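Enquirer: So that we are looking at the same thing, I have put the structure below in structure tokens.
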Amino acid sequence: MHLYQLEDELKKNVFCREDQIKKLSCLLFNKDCRVPSIVLYGVASTAKTFLLRTAFDLSKEENVWINLQDCFTVAHFWYRILIKVGVDKDIALKKGINISGFIYLLEQAMSKRDYHTFLVLDQIDDFAEASTILFSQLAQLPIVANIPNLSIIFVLHSHPAQYLGTLSIAVIFFPQYTQAEILEICQKTPPNLDFLDRSGDSVFEDEIELSVWMQYCSFLWSVFGVQCLNDYRSFRSVLDRYWPKFIQPIVEGDIHPADYAQLHKLAKNFLVSDATVTKRLHIINPTEIKNLLDSKSINLSLVSKYLLVSAFLASYNPSRLDAQFFSFSKTSKRRGRKRKQIQDEGVLFSKIPRTAGSKGRSAVKISQLTLGPKPFEVERLIAIYYAISSPVEKVLTADVFVQIATLASLKMILSASKGVLRSLDSPRYIVNVSREYVLKIADSLSFPLDSYLAG
């Protein structure tokens, strides 16, 4: 396939990427001058991978695709490349675990090929051991190892400046799609637009059906466009989800496709329905939460359970209320707080009655659980732990710190400290488990969690 033919075919399959298609075709698929290495970068959902795969499918060029998210170490990375180019598994495992052995085996394998091969390193910036040295070694590999029939393609999400250094490599940038481009792509890639009636016959012309799809795309962009953040895949998933519901009145024969006003009115009704909002906000039914929690066992030590409850209280209670909740009286009993039982637990907002000095304005009190968890210092966590645990569970402070580290490794509490801690700084954490999970732990400890939560 000639170069201009490849460009034309790519433009028919990949929309709104004319500049990137032209650069990619000239740098990679021009047989007279192919670059040894090239960088494609841009945020997610910008057609980097899709354009590459489409170009390889149309040109029938040999390519080796390595996703760096599936590689754990550099040795595993070398091993996967060698296996893809035809090196024996045992030889690759024994000799290809370092850079010198990898280059030797790769050179031997590529010398047996009389055709050009493209090595695609997808999401290399997500590789745990990615570094400037590794990037430099790979970028100069075709030249240093004298492998003229090899080109390396780096696909990144972030800017390649931190990896390039002083290297001179061709870079192709994939910007985020604009609103007009996303709508253009959606309108050029419609789903099946045959509006079949109940008898199975198509009763409308193709132009009318396409017009309905274009109106639908514009309508949903006005509703979900801001939330999708110019992400084509996110917006397309929304389109595919609500499309059957949108055309249901047309299929049932209740509305003509040209009656856009009535279609939009019905669409607004189901977009704001309880079922739709619940699905959009990922709200789980309380019964499903209970069944999910009952099916899970809490395999934590007694100290870890008390620490997790303490972390939850420290995240959702203001520090000024610690003395009220966790101080001891003369009888060595925790004061706690006698809370009034709320009849409707689903109410999150309660208005304060108006007074004469409020000038007609009403304040709104928001629950701490609604505002979300807040960071706390580790000293405050330990103080609450010693206040709520019984004397039997009060172990040494060193063991408590070990259990805190365990909870942090399990991602049940997350570090909230900014930057590098200085010698006098106190580590800060934030709880990362749900209220339902902590309630189950508190029930296993016979601890009245709700009595120690601020309203």
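Backbone N, Cα and C define each Cβ position, glycine as well.
On a predicted model such as this, the values are computed, not experimentally measured, just so you know.
If you look up Swiss-Prot, you'll see GLY42, VAL43, ALA44, SER45, THR46, ALA47, LYS48, THR49 marked as ATP binding site, on the strength of sequence analysis.
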Enquirer: So which one is it: of the binding-site residues SER45, THR46, THR49, which has the fewest other Cβ atoms within 10 Å?
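Expert: THR49, out of the binding-site residues SER45, THR46, THR49, has the fewest neighbouring Cβ atoms within 10 Å.
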Enquirer: If you count Cβ atoms within 10 Å of the Cβ of ALA47 (ATP binding site), leaving out that atom itself, what do you get?
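Expert: Other Cβ atoms within 10 Å of ALA47 (ATP binding site): 20.
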Enquirer: Minimum Cβ neighbour count within 10 Å among the binding-site residues GLY42, ALA44, LYS48: which residue?
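Expert: Ranked by other Cβ atoms within 10 Å, the binding-site residues GLY42, ALA44, LYS48 bottom out at ALA44.
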Enquirer: Can you tell me how many other Cβ atoms are located within 10 Å of the Cβ belonging to VAL43 (ATP binding site)?
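Expert: For VAL43 (ATP binding site), the 10 Å Cβ neighbour count is 15.
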